[in-house]
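Annotated NAD(+) binding site per TrEMBL: ASP30, LYS35, THR86, THR122, GLU148, LYS259, ARG324, in sequence order. The annotation substrate binding site is assigned in TrEMBL to PHE145, LEU146, ARG147, GLU148, LYS200, TYR245, LEU246, ARG247, ALA248, GLY249, GLY253, LYS317. The active site, nucleophile feature in TrEMBL is assigned to CYS256. The domain 'UDP-glucose/GDP-mannose dehydrogenase C-terminal' annotation in TrEMBL covers 310-411.
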Amino acid sequence: MRLTVIGTGYLGATHAACMAELGHEVVGVDVDAGKIAALRAGRAPFHEPGLSALLARHTASGRLRFTTAYEEAGAFGQVHFVCVGTPQRRDCDGADLSCVESAFAGIARHARKGALLVGKSTVPVGTAARLAEEHGAEIAWNPEFLREGFAVEDTLRPDRLVFGVRTGRAERLLRQVYGPVLAAGTPLVVTDFATAELAKTAANSFLATKISFINAMAEVCEAAGGDVRKLSEVLGCDGRIGRAYLRAGVGFGGGCLPKDIRAFAHRSAELGVDLGFLHAVDAINMRRRDRTVALARELCGGSVLGARVAVLGAAFKPDSDDVRDSPALNVAARLGLDGADVTVYDPEALDNARKAFPLLGYALSVPEALRGAELVLLLTEWPRFREIDPRWAAGLVSRPRIVDGRGVLDPDRWTAAGWRFCALGMS
Ligand code: UDX
């Protein structure tokens, strides 16, 4: 089939490359000429395992092209996927739909008769119905559930597919697009627009709630003298609860969960439904950052003023160079404002971190970050940080004190190597 993908961020670039991998001819569209130039050269404009290889393969084969022109995309595509961002509005918790609106307007103007316009962006419930009315085009909603760091895998082998459609024709076209994925046995739910839109926001709200639940238990463990890691292990053994998304720490960040739960609560309130618990989920999450800053202060004797602090991690999560709403950088910046001499190291996110927080110090390796540190904070759970040898690290720092903000280090090992070891969720 001939597909277009409008918006080439994390979602769109991955979707375009994966659709080419499935055998379709794909044109990716973006208003950002710099991004398009990188993609044309077969390069992902961000770190995402496996994506550059797919881009290189399919730009070379000619199955995948990129353009900044809607005219070209409109003339080409039978199905157009809209994959643009929906950031938080500046004036409230709601979602900013300006990119979605201009993408739909842009492609609707140039699309061939009978083309299907498919929204993939995360939007407030009711958006698809409104866009269908405004543009008079055939529309479907097909939310994605991809995680950064696993975007290619999650697109080619998703847990489920959701088609929000109003006609049998739209469903048939989408079944054709995802033919190989469906043939592999992927569960498909065909539903209305509203349910398809809600599928995404509800899933993200549930995940955020799970993380904040265990982080609230971490607060209780800190107050009562428990160990949240053991507690999480016990809870996770119950098949009804499950182990995933039950790791306590400095909390969730990134371009999705924080803004999606706020937008969902905001939209629900407009509809007269009080999802107040999502405000609590958000508040618990932000309190973990406060607690990490407070722990750093306590360990430095009440103030971090002038203290050399090494921060391991800048990305909002491992296997990503994304620093949007990163808990690690938020904590680092706050310690910097308190007068600490902060040095941040991250395996992939240093360039983005520097752009977002130019006043912090940065190191190009773990030893460079640790050298002379009076306090170490582990704030992104990159696997390589788990493998740091505490005896080796003790030889580099000036004072062996560490806060494990992600619950990934072995307390006994670090204590035995002479470290003062603190973790969130431990007394
Ligand atoms: C999320 C959803 O998982 C995905 O389905 C949706 O499409 C977009 O939002 P992503 O933002 O890539 O994906 O990140 P995810 O892997 O879900 O992690 C989110 C944050 O939660 C990270 O900061 C991570 O460190 C944190 N986290 C995750 C925890 O603190 N504890 C956990 O147990 C799991």
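Cβ from N, Cα, C; glycine included.
Remember, TrEMBL labels are computer predictions, not curated facts.
Over all protein chains present, the Cβ of ARG147 (substrate binding site) has 15 other Cβ atoms lying within 10 Å. Cα-Cα distance from THR86 (NAD(+) binding site) to CYS256 (active site, nucleophile): 9 Å (rounded to the nearest whole number). The 6 Å Cβ screen around ligand 1 retains GLU148 from the binding-site residues THR86, GLU148, LYS259, ordered by sequence position. Closest by Cα distance to PHE145 (substrate binding site), from the recorded positions ASP30, LYS35, CYS256, LYS259, ARG324, is CYS256.
For LYS200 (substrate binding site), none of the binding-site residues have C-alpha atoms inside a 10 Å radius of its own C-alpha, out of LYS35, GLU148, LYS259, ARG324.
Packing around THR86 (NAD(+) binding site) is summarised by its Cβ count: 22 other Cβ atoms lie within 10 angstroms of its Cβ, all protein chains included. The two recorded residues ALA248 (substrate binding site) and the residue listed as 'active site, nucleophile' have their Cα atoms spaced 19 Å from each other. When the binding-site residues ASP30, LYS35, THR122, GLU148, LYS259 are compared by Cα distance to GLY253 (substrate binding site), the shortest distance belongs to LYS259. Take PHE145, LEU146, ARG147, GLU148, LYS200, TYR245, LEU246, ARG247, ALA248, GLY249, GLY253, LYS317, the residues named in the record as contacts for substrate: the widest Cα to Cα gap among them comes to 24 Å. Put simply, the two farthest-apart Cα atoms among ASP30, LYS35, THR86, THR122, GLU148, LYS259, ARG324, the recorded binders of NAD(+), are 24 Å from each other. Counting only residues at least six positions away in the same chain, the Cβ atoms of THR86, PRO87, GLN88, ALA95, ASP325 sit under 8 Å from the Cβ of LYS259 (NAD(+) binding site). With a cut-off of 8 Å between CB atoms and residues at least 6 apart in sequence, the same chain places THR86, ALA95, PRO143, LYS200, THR201, ASN204, CYS256, ASP260, ALA263 near THR122 (NAD(+) binding site), listed in sequence order. Put simply, of the binding-site residues ASP30, LYS35, ARG324, the one whose Cα is nearest the Cα of ARG147 (substrate binding site) is ARG324.
Taking Cα separation as the measure, LEU246 (substrate binding site) is nearest to GLU148 of the binding-site residues ASP30, LYS35, GLU148, ARG324. Helix, strand and coil residue tallies for the domain 'UDP-glucose/GDP-mannose dehydrogenase C-terminal' (310-411), in that order: 33 helix, 18 strand, 51 coil [DSSP].
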